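**Student:** Just lifted these from TrEMBL, have a look:
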DOMAIN    8-360  domain 'Major facilitator superfamily associated'
TRANSMEM  9-28  transmembrane segment
TRANSMEM  40-60  transmembrane segment
TRANSMEM  72-89  transmembrane segment
TRANSMEM  134-152  transmembrane segment
TRANSMEM  158-176  transmembrane segment
TRANSMEM  238-262  transmembrane segment
TRANSMEM  269-293  transmembrane segment
TRANSMEM  299-317  transmembrane segment
TRANSMEM  329-351  transmembrane segment
TRANSMEM  357-375  transmembrane segment
Amino acid sequence: MIIPSTRWLALDYFTYFFAYGIFLPFIAMWLNGEGLEADIIGILLATGLSARFIGSLMIAPIVKGSRHLITTLRLFAGLTLIFAIGFIVSSNWLWLLFIMLAFNLFFSPMVPLTDALAASWQKQITFDYGKVRAWGSLAFIISASSMGYLANNWGHKIIIYALLASIVIMLLTMLLQPTVLPKATYRQIANTTISLKQLLLDSSVWRFLLCITLLQSSHAAYYGFSSIYWKEVGYSDAIIGLLWSLSIVAEVIVFTFSYVLFRHWQASGLLLLAASCAVIRWSLMASFTALPILIMSQLLHSGTFTVCHLAAMRFISARNEDEIIRLQAFYSALALGAGLAIVTIVVGFVYEHFPFHHNWVFWLMSLIAIPALFIRPRENSHH
């Protein structure tokens, strides 16, 4: 079946983030339900994030050009499904360590691959990236909120079965054929002279990567332990699912109107806004557990994540064509992988060993975000 390329991209984002809306908020809750302790959960989550780092760095040598992106996405979706089945085999923590590693090795890099595909298609066909990407956020809302109710009524084991079903649907939609195939406009990555070392000689690139890594890493306590923390302070699984969904509602609104809101903004201005939101958001979460304040902090996700991601896409899509896939891979590997993995291990340790001060992990996130205010790239010289 052949469908318009923008619809294919929207479906790709929708089905991926539907699965992610189950995995991200609820995998820690599932691990907790299986009887694992907080520091072990921290290690397992960090292992998954480390696999994202490895998987993203594998993208550059595997994907020789944009014409191979769709085939690679289909392959990764199939491998993701195979390893996801491993979650129901055993809850032994060493087995789960292997499964978290293998699952994330293929599941996580699908986002930078899809973003690279979007950047490639933007050079061929005209479309509003924010509106297409918003479908992913919408899917996250639906799955996170419905999963909260399902887990509340059916218990934690439903989480993995829902994840498996969503990955099957993701794979099936990726087998559809887009009308416009991405052209091989990039120089082959294998032959390109652009290395990380050369990219980092440009001060705007290393400032961008460092700034974005700090901002995305500051989400570690939220991604890994907010569900457990909120449950401890008395909130139900249903409320927790709705809190996660609320953050993505704000994300959808900002993605949908991103062109109107930020078309005249440069990446550096967007990063300043994201960093300011991060310091405020994590400070609020550290200081208060009242529902109105949690709602406010969740709405700030549109600043801490969405604006940050828009800044990254703006910075990367303005670069030379032969740098796009590589920069997209480094963004995912460093900001969404290695940085988050390291901070998640620290958060897991603090959470386990300071049982009466679990809010400290959010103060730590605020501290991590502060340097980003000062080290962001001054301007996007390629804009």
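Cβ atoms are placed via backbone N, Cα and C, with glycine included.
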**Student:** Between the transmembrane segment (299-317) and the transmembrane segment (40-60), are there three or more C-beta pairs closer than 8 Å, counting only pairs 6 or more apart along the chain?
**Tutor:** no
**Student:** Would you say the transmembrane segment (269-293) and the transmembrane segment (329-351) are touching, if the rule is that at least three C-beta pairs must lie under 8 angstroms and be 6 or more residues apart?
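**Tutor:** Between the transmembrane segment (269-293) and the transmembrane segment (329-351), which are separate recorded stretches, there is no contact, as judged by 3 or more close Cβ pairs.
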**Student:** Is it the case that the transmembrane segment (9-28) and the transmembrane segment (269-293) have 3 or more CB pairs under 8 Å, with pairs at least 6 apart in sequence?
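**Tutor:** No, the transmembrane segment (9-28) does not contact the transmembrane segment (269-293).
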**Student:** Top stretch among 40-60, 134-152, 269-293, 357-375 for CB pairs under 8 A with the transmembrane segment (238-262)?
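**Tutor:** The stretch I would name here is 134-152.
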**Student:** Cβ under 8 Å to the transmembrane segment (40-60), counting only same-chain residues 6 or more beyond its ends: which ones?
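**Tutor:** Contacts of the transmembrane segment (40-60) (Cβ under 8 Å, skipping residues fewer than 6 from its ends): 27-28, 31-32, 72, 93, 96-97, 100-106, 108-109, 112-113, 189, 223-225, 228, 325-326, 328-330, 332-334, 336-338, 340-342, 344-345, 347-349, 351-352.
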**Student:** Relative to the transmembrane segment (269-293), which of 134-152, 158-176, 357-375 accounts for the most Cβ pairs at distances under 8 Å?
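**Tutor:** Going through each listed stretch, the top one turns out to be 357-375.
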**Student:** For the transmembrane segment (158-176) and the transmembrane segment (357-375), decide whether they are in contact, meaning at least 3 CB pairs lie under 8 A, counting pairs 6 or more apart in sequence.
**Tutor:** no
**Student:** Which residues, given as numbers and ranges, are at least 6 beyond the ends of the transmembrane segment (357-375) yet have a Cβ under 8 Å from it?
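**Tutor:** Beyond its ends, the transmembrane segment (357-375) has Cβ neighbours at 207, 210-211, 214-215, 217-222, 225, 229, 232, 271-272, 274-276, 278-279, 282-283, 285-287, 289, 304, 343, 346-347, 350-351.
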**Student:** Looking only at the domain 'Major facilitator superfamily associated' (8-360), what is the mean pLDDT?
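**Tutor:** Summing pLDDT over the domain 'Major facilitator superfamily associated' (8-360) and dividing by its length gives 88.
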